[in-house]
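Listed in Swiss-Prot for this protein:
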- 11-50: repeat 'WD 1' (REPEAT)
- 53-104: repeat 'WD 2' (REPEAT)
- 113-155: repeat 'WD 3' (REPEAT)
- 225-274: repeat 'WD 5' (REPEAT)
- 327-377: repeat 'WD 6' (REPEAT)
- 387-426: repeat 'WD 7' (REPEAT)
- 435-474: repeat 'WD 8' (REPEAT)
- 571-598: region 'Disordered' (REGION)
- 574-591: compositional bias 'Low complexity' (COMPBIAS)
- 653-697: repeat 'WD 10' (REPEAT)
- 700-739: repeat 'WD 11' (REPEAT)
- 749-788: repeat 'WD 12' (REPEAT)
- 796-844: repeat 'WD 13' (REPEAT)
- 859-897: repeat 'WD 14' (REPEAT)
């Protein structure tokens, strides 16, 4: 049997850090996602690959320009190297795999030298092909690294020279967090700018006494003017090759927490400039410039009027404040110039003076000097004028400067395309990738397997579905339309105020879920009518007429945690109030039927007990909004505000935070657990779905029950716990007062906490996986004879087992018991597929063989929390392909295709 796998879909948000995103000339964008790098194509709106290597959060990424012509031809790319830095104190050099796809990279070198988190890196390429890199760190140092140019041996063997640390600059007690490198205009002498937790920008220049091979830098000056910490620095050379007699000038853009952007111009100090500005040289290389302007602006303390002079190779240069850009209302985290590009017709290098800044005021601004006056103006402003987002952390231009890509506080991306078809150009929002920005704890396919929902400690439930549309390409043969299918987030059923831990679908009901978080109550939600219609438009999922009357949409009040149902003007909710009020204003118990009392009967708010009807919550009226039925995946703003599911019930009873929840296959019972440190707390509560009431409280454990699993026939309930044992309960007769009775507990069935349990498709076996690196498979027929109940123990794994999941039934795998497939996830991100055969020595036992291990290049990097098989595999001739969806503490959700030949 030949088994292979590939990744079909990756969803992960960007790290919540400033400037953690880059877009290269090779058309690939790279961003930090937990402890790995994600490479994606913004135009296709798809994450192509992830690069594992770091042990902690990735803080900054930088593409390395490829100036070697042979390498350019070999890789057909301007960039085929990448540098990244992390909170694990290291810098990693990445290189594109020879002969691989343009998004397949490997680790070339791990640079160690810093003693604390590395916060920023910048790189400069010399004409001879050598490289200079600057790294800043929380250890209060800045390190300079050098790499020699490629040799013939490097090119022949497809290797790279080693990086060497050539200088360490100590800034104790200050910490530098950003840097930028450039050449002094008209020379190949490097200039370094660093900034950090102080209002100064420190400028360093190469010590001309040092050799080219042992570059050493000396401090030139400190630029003053900002009133708060420096957040981002970026150099740009202008006037390069633009007409005869034009002198090169260098502009340094700096952004700060003082809400301002400053542009510093570095150019040769000519006699003409001296005559025009009448510079009066005075100490520290400074000069009192623009005296008249200073007098006029005496009340503006943030405008520096000082010019800075320095000598380089007997040539005098001056640094002048060129402009102060004021347009943001909060910290400016990121500043980037538009990239240089080649004119397709003339081949000339075009470097537009265009700048983009990203701020915590939720906007990104495109700045450009006015063509007539030369004054810098905010040409365009993109972002969110309201809503729930908390600001932009970074923004970059595409290689052609026709697109803007930004990332925000909640890990979300925002993508705009410039539309120049109109008289005045404007930026249109585009569909872009999305994902969690915190550990993903749970996920599950919908009962019909048309979509899945993931649950994260970033306090959101996210719903992903296939976007099915036709490719209207006129070049297709016979003009037949080809269907394109991609996975996208189309709804966000819950945005909570607590970290979400678990959820489950209610089987036999359409679009109904129950979630649990770090609070003592659970909440039930129903898909809105807008969601049902949107799912039909985007995924072609036909609605099921189950008699459920759905609210049009949901809205979350400003100070509430409940998703309030939203109806049209003539809703049943309003009619219910009117009918009850008209019924003699009496409820039959001598109490007046006021509007308030009816609202409380329909569910109440967060303060009271849950009723049996629709839980509207009693809050002040919200600002009206217009829910939309969409025909394509929504933007982040819509997901945040208009894709919530209405809350229909709250479950009260648990004394601590909810940990696990599960629903029986027949949809009759719901089981839930909470954090526990004693037997009284470690109970499993059973709820009757028909009336949402608690009907049993099952005992059997002494510590937290971390996972619950019903058998496919709904007859058994399996619980696994921190107390290192599992417990099995059996469904009672329908006329019994107790719906479930305990069958057996297995003390010390594992040596460490048991994280997961799963039933085989025929319910004859169940598997348990634990931190003791073992997976055990138990035979239900022998379950009461605990000594002989273990049908098999898989070989010890390399790390703790965090989840196990049996595959659904397939005709391809048959045997006396029906051969089984089992997926196992570990706490290092590894996923393996195992196949069973009936043991020849014991018919009631199973022998297991590992048939496939998903490649680390596409797999997770941290704990795998859930693995879910899609119900129906795809059969093509003799091959069979399953889909599994997985989630991890590494913030990512992935879909893998597992192909059996």
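Placed from the backbone N, Cα and C atoms, the Cβ positions cover glycine too.
The model shown is predicted, which means the values in this text are computed figures rather than measured ones.
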- Query: Which numbers of helix, strand and coil residues does DSSP report for the repeat 'WD 7' (387-426)?
  - Reply: 0 helix, 20 strand, 20 coil
- Message: Counting only residues 6 or more past its boundaries, what in the same chain has a CB within less than 8 Å of a CB in the repeat 'WD 10' (653-697)?
- Response: 501-509, 514-522, 524, 610, 612, 703-714, 717, 719, 721, 723, 729, 738-740
- DSSP composition of the repeat 'WD 3' (113-155), residue counts helix/strand/coil, works out to 4 helix, 22 strand, 17 coil
- Message: Before we move on, state whether the repeat 'WD 8' (435-474) and the repeat 'WD 7' (387-426) share at least 3 Cβ pairs under 8 Å, counting only pairs 6 or more apart in sequence.
- Response: yes
- Task: Sort out for me which stretch, of 11-50, 327-377, 700-739, 859-897, has the most Cβ pairs below 8 angstroms to the repeat 'WD 7' (387-426).
- Result: 327-377
- Task: Would you mind listing the long-range same-chain contacts of the repeat 'WD 1' (11-50), meaning Cβ under 8 Å and 6+ residues beyond its ends?
- Result: 56-63, 65, 77-80, 82, 84, 86, 88, 94, 101-105, 120, 178, 231-232, 333-334, 339, 393-394, 396-399, 403, 405-407, 409-413, 415, 430-437, 454, 458, 462, 464, 486-489, 857-858, 861-862, 889-894
- Quickly jot the same-chain residues contacting the repeat 'WD 11' (700-739) by Cβ under 8 Å, restricted to those at least six beyond its ends, or write none. 659-666, 668-669, 671-679, 682-684, 686, 688, 745-759, 761, 763, 766, 768, 770, 780, 783
- Message: Please list the DSSP helix, strand and coil residue counts for the repeat 'WD 6' (327-377).
- Response: 0 helix, 24 strand, 27 coil
- Report the mean pLDDT of the predicted model across the repeat 'WD 11' (700-739), rounded to a whole number. 93
- Message: As a quick check of your reading of DSSP, tell me how many residues in the repeat 'WD 1' (11-50) are helical, how many are strand and how many are coil.
- Response: 0 helix, 20 strand, 20 coil
